[in-house]
Amino acid sequence: MGVDPGLTRCGLSVVDGGLGRQVSAIGVDVVRTPPEMDLAHRLLAVSDAAEQWMDTHRPEAVAIERVFSQHNVRTAMGTAQAGGVIALAAARRGIPVAFHTPSQVKAAVTGNGSADKAQVTAMVTRILGLATAPKPADAADALALAICHCWRAPMQERMAKAEAMAAEQRRKYTERLARQRKAVDR
């Protein structure tokens, strides 16, 4: 499940990852809340919609855009809060949550970490074989996040296993070296 968090518009999507880089769109939607609505109720509306998607689609993971930097502090706060309630909803369901920066998503989908919205939308449309481009941009971004996670997660899992294996080997080597030094010191 890919999530482009936001208070005014929050993109939600689900894709199915196949072999290699094959992905297909299962669904996409944009949750809208009016700016004049109380913040707590806006967050509740976003959370309720995301929870309904999680309960309906039962995703293996939820990929949320990481708030990297925005010029408008108020927008950044709302984006972070929306992402937080969605991460909490996923965690309560035991669904792993991954955060990806906008540049990671752009690089995964277009090959260019500084691609513009039009390039991301065009590639999402092409990758998923959609007849028309997803609109608004929040829908395309949510799909891009889901695609990015499908493609990046297997490599991240392999890297984590390799790091754990290296740490275990380092621990065993350090223990063996300590035993050898102790034997020499006797």
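Including glycine, each Cβ sits where the backbone N, Cα and C put it.
Annotated Mg(2+) 1 binding site per TrEMBL: Asp4, Asp138, in sequence order. In sequence order, Cys10, Gly11, Glu65, Asp138, Ala139, Asp141, Ala142, Leu145 make up the list of same-chain residues 6 or more apart from Asp4 (Mg(2+) 1 binding site) whose Cβ falls under 8 Å from its Cβ.
Per TrEMBL, active site is recorded for Asp4 (among others).
Look at TrEMBL and you will find Glu65 tagged as Mg(2+) 2 binding site. In the three-state DSSP classification, Glu65 (Mg(2+) 2 binding site) falls within a strand.
Under the heading active site, TrEMBL lists Glu65 (among others).
Look at TrEMBL and you will find Asp138 (among others) tagged as active site. Reduced to three states, the DSSP call for Asp138 (Mg(2+) 1 binding site) is helix.
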